[in-house]
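The active site, proton acceptor annotation in Swiss-Prot covers ASP175. Annotated compositional bias 'Low complexity' per Swiss-Prot: 511-525, in sequence order. The phosphoserine annotation in Swiss-Prot covers SER40, SER91, SER93, SER212, SER274, SER409, SER456, SER486, SER493, SER569, SER592, SER619 (among others). Positions annotated as phosphothreonine by Swiss-Prot: THR58, THR208, THR275, THR294, THR467, THR596. The region 'Disordered' annotation in Swiss-Prot covers 1-46, 373-632.
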Amino acid sequence: MSSARTPLPTLNERDTEQPTLGHLDSKPSSKSNMIRGRNSATSADEQPHIGNYRLLKTIGKGNFAKVKLARHILTGKEVAVKIIDKTQLNSSSLQKLFREVRIMKVLNHPNIVKLFEVIETEKTLYLVMEYASGGEVFDYLVAHGRMKEKEARAKFRQIVSAVQYCHQKFIVHRDLKAENLLLDADMNIKIADFGFSNEFTFGNKLDTFCGSPPYAAPELFQGKKYDGPEVDVWSLGVILYTLVSGSLPFDGQNLKELRERVLRGKYRIPFYMSTDCENLLKKFLILNPSKRGTLEQIMKDRWMNVGHEDDELKPYVEPLPDYKDPRRTELMVSMGYTREEIQDSLVGQRYNEVMATYLLLGYKSSELEGDTITLKPRPSADLTNSSAPSPSHKVQRSVSANPKQRRFSDQAAGPAIPTSNSYSKKTQSNNAENKRPEEDRESGRKASSTAKVPASPLPGLERKKTTPTPSTNSVLSTSTNRSRNSPLLERASLGQASIQNGKDSLTMPGSRASTASASAAVSAARPRQHQKSMSASVHPNKASGLPPTESNCEVPRPSTAPQRVPVASPSAHNISSSGGAPDRTNFPRGVSSRSTFHAGQLRQVRDQQNLPYGVTPASPSGHSQGRRGASGSIFSKFTSKFVRRNLSFRFARRNLNEPESKDRVETLRPHVVGSGGNDKEKEEFREAKPRSLRFTWSMKTTSSMEPNEMMREIRKVLDANSCQSELHEKYMLLCMHGTPGHEDFVQWEMEVCKLPRLSLNGVRFKRISGTSMAFKNIASKIANELKL
């Protein structure tokens, strides 16, 4: 795919020239009147469309963009659609957005989120991408704790393979962190968010300080110029440490403190970390960037290939693209496409509806998905029911073998931007029936520890997933589950020594550690105090803060990382409220310490106030970074140090599970079932059963009670705590507490679910919006008062 392309120009990051549509394609894009997303208000049963995609729900939201889960109408494949409001971005941010799209177009690796289609109008940009249903690695670690080294190795091999592939193409990511590592349905890694990526040339230094501070290389804090790959290598070292230990190697209560620790390069080695893993970390976390290992060298490391002696990790070789797959071509011809436009779109890399359909026809969203393609007919009769008629030149396609029902104008108009068309209720119903239940996909996951990076015969297609790694999502016994799910290791205490377990290792890059070899298979049930820690002194009199910043401040930029539906995610957290004080975690999210930022963004106000970089004055924005509800074991860290806030210098992403007609904050009606629908729908509602899915649960929120009795108890407790709620599904409530616009306002879901393989039901909590402190306070109170 790359052989047909000219090298990507390195964008001058200070250049503010207004970009043009030519950034996205060599041919002019169609204008906004070519695309009409239907308003959901046109019919109670209709869902909005963008081109050939039915928009299902919002799964992420920011200041200037939304991410929606969508289904490709012709193939039935799920995709993530990033909808970006270009009118809200300045010229510099637009340039970075277009650069991100250009870079995504040339990347074709099984562990990198695949771009399928780009739809552009005068005011909006739609990026249709691979949907990673497993969520973020960050959330997985919060829910399940650290990974065993065997599992971490499988994931890390995929990560290194993908990043090394980028470096092969002279592309540096510059924002590698656990939040930008997604998991697909088979628990394989998908690297996302190339918003800060750029092309590099050795000798032509980059000088932009961007990324997440805990993952940032020391030379970035020092304001030094860099080639590119070495900053990714440092970030990979932080990621490896995070996977294996469940905590960050460098942390602090504010940016100044974090900077000092990174520049010292000291980090603790947990007692359970193997010597091989420790030695590998020393190749990543080296203060001198010129002495840092290359990824080609890292691939040959002993730890990387344990259990893979016959399959040593090697640089990924991108296969030649297969643009003449007869099976897909014939299917598309039967839809009404012509062979000429199929070849033109593929060879020209148009990333239009034709190319997207071809890619999706060969794309497997899961190892469990068979080769059978279920195509959805688009009969002409449906046009009579259309509330948003298509342009006159657009003729509906059919799965009939007759290719005459096909428009021809887009061959002359360049890359086609699909129009939005209304479809009959029957067609929508058929599409809904084709959707594979999440629980089926979850329960059918394979368990294997190998992580081979296969050759892909086509960009983004038949991308055989690496053999899935073991999933720890299965419900364990009570004792095992509690200890294994105890989230992340204790943060190194400031100004005081921590209790050690016989041996302490303070590792400095290049120095010899005194850590003895330890088995990677240490029982997760071992007491938490048996952890190595370091005492880090703070020097408040030292120079603080970031390196010299650019003159042009950056505005928030859109992230193209596709988000997943949080409901069925393996990382949807339950509130653990049993027993004494909850455990603490190193992994608060939504705080500035975890925010990706650019050099132009200033933090002097917070530093002058000596506030922790996770605790700042509350933002009045309605787009706060509401995330998944977290288990009680992660709450006291927020209580003691961090408060979630909207400090992301990109989009403050917010996961929502709400109807399309809802936006921001709305008043919820207490206990009202949707009044629309016919008798059949009401009957189906009455007969609905709780979903069976994996989620983090505690003994306090599980019960052998009937689901309906549990719902009555939940409503009773909600009413007693002055919470408003709305019945979204039979066993799911949308809840609200506090005053909209105030810090105490929070929205969350409560759902009664069946625990797989157990004769128990559990209550799943998931935060939608509001600060983690507000959510923790009300959710813990409700969980404690439930009599289940």
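Note that Cβ sites are derived from N, Cα and C of the backbone, with glycine treated the same way.
Cα of THR58 (phosphothreonine) to Cα of SER93 (phosphoserine): a span of 23 Å.
Across the structure, THR275 (phosphothreonine) and THR294 (phosphothreonine) are spaced 20 Å apart at their Cα atoms. Under the three-state DSSP scheme, ASP175 (active site, proton acceptor) falls in the coil class.
The closest partner of SER212 (phosphoserine) among the recorded positions, by CA position, is ASP175; the full candidate set was SER91, SER93, ASP175, SER274, THR294.
Between the CA atoms of SER91 (phosphoserine) and ASP175 (active site, proton acceptor) there is a gap of 21 Å. For the modified residues listed here (SER91, THR208, THR275), the lowest count of other CB atoms within 10 A around the CB belongs to SER91. Here the CA atom of THR208 (phosphothreonine) lies 21 Å from the CA atom of THR294 (phosphothreonine). With respect to Cβ neighbours within 10 Å, the modified residues SER93, SER274, THR294 differ, and THR294 shows the lowest count. According to DSSP, THR275 (phosphothreonine) sits within a helical segment.
In the three-state DSSP reading, SER212 (phosphoserine) counts as coil. If you compare Cα positions, SER93 (phosphoserine) sits closest to THR208 out of the recorded positions ASP175, THR208, SER274. Secondary structure at THR58 (phosphothreonine), as computed by DSSP, is strand. The secondary structure of SER93 (phosphoserine), as reduced to three states from DSSP, is helical.
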